[in-house]
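Peer 1: So Swiss-Prot has the following annotated:
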MOD_RES   M1  N-acetylmethionine
REPEAT    39-81  repeat 'ARM'
MOD_RES   T137  phosphothreonine
MOD_RES   S189  phosphoserine
REGION    239-261  region 'Disordered'
MOD_RES   S246  phosphoserine
COMPBIAS  246-255  compositional bias 'Basic and acidic residues'
MOD_RES   S260  phosphoserine
MOD_RES   S267  phosphoserine
Amino acid sequence: MNSSSSTMNEEPDALSVVNQLRDLAADPLNRRAIVQDQGCLPGLILFMDHPNPPVVHSALLALRYLAECRANREKMKGELGMMLSLQNVIQKTTTPGETKLLASEIYDILQSSNLADGDSFNEMNSRRRKAQFFLGTTNKRAKTVVLHIDGLDDTSRRNLCEEALLKIKGVISFTFQMAVQRCVVRIRSDLKAEALASAIASTKVMKAQQVVKSESGEEMLVPFQDAPVEVEENTELPDYLPEDESPTKEQDKAVSRVGSHPEGGASWLSTAANFLSRSFYW
C-alpha cells in the first residue's frame, strides 16, 4: 500500500517528464540548454532503459531533436552510457521496429559527428538501410507538415488536438510549440495534409493552416479547403508508425526562426532535472 501511494504522489511521472523534454527539444532554441543541463541528458539516457515502451520512444524522439544541433553532438556522444544505451535499444529483440530505426538514426548521427560531411552522409545512409531491415519492405517515406492552429492556446485544447491526430492512420509523431500555436507533424507520404486539418476542425474549437515557405524564403500561412476530407482512422491506437527520413526539413527550420520562450523552457528544465535526480538513485 505504501509503495502504491508513494507512486501516486510522485509528480510528475516518467512519461510526462520525458514528453515535456521531447516537446522542449522540438524547439531549436532550447536544444543547447537541455544538453548543457546536468540532469536532463543523463535522465534521457536512463529513460532508454525504461520498461514502458512509450517512455523509451519519447526519449529517443527528444534525443533525435537534440542531435539535430551540430554543437550538441560531441557532448552527447561522450555522455556516459549514451552510445551503449542506443546499441542496447537497437539490439534488444523486444524493441519495436520503428524504435530500432529511430535509435539507429541517432547512433549514426553521433557516431559520424567527427567524420567529414560526405563520409558522414554515406555512412548514415548505409546504417539506415541496415536498420530498415527490421521494418521489412512496407515502410514508406515520411514527410513533415507544419501547422499553425488557431485556438491552440491551452492544455485542454492541446489534449483535444492530440486525440484528433492520434486517430489518423498514417500519423507518425507530432510535437507542439504552444507559444506560437504550431504543431510539427510527421506523416506518411501517402497521407494528405488536408486530413490533419479535417481532424483538427472536427474539434469544433480549432482550425489549422499549413505553414509553407515562399520562393523568397518567407513563411506563409496557407488555408485548407473548408470541405471536410474523409480521414482513415485507427481502429485502435498503435505505437507510432515507422518513419523514414523526411524530405521537408526546411519547414522545421522555418519554425525555428519564430521565437518561442526559451526562458520558460529553461525554468522547466530545473523541475525536470530535480525529478530525474530524485527518481534514478536506487
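Backbone N, Cα and C define each Cβ position, glycine as well.
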Peer 1: So if I draw a 10 Å sphere around the Cβ of S189 (phosphoserine), how many other Cβ atoms end up inside it?
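Peer 2: Other Cβ atoms within 10 Å of S189 (phosphoserine): 14.
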Peer 1: With DSSP, how much of the repeat 'ARM' (39-81) is helix, how much strand and how much coil, in residues?
Peer 2: 32 helix, 0 strand, 11 coil
Peer 1: Could you tell me the mean pLDDT the prediction assigns to the repeat 'ARM' (39-81)?
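Peer 2: Here the mean pLDDT over the repeat 'ARM' (39-81) amounts to 92.
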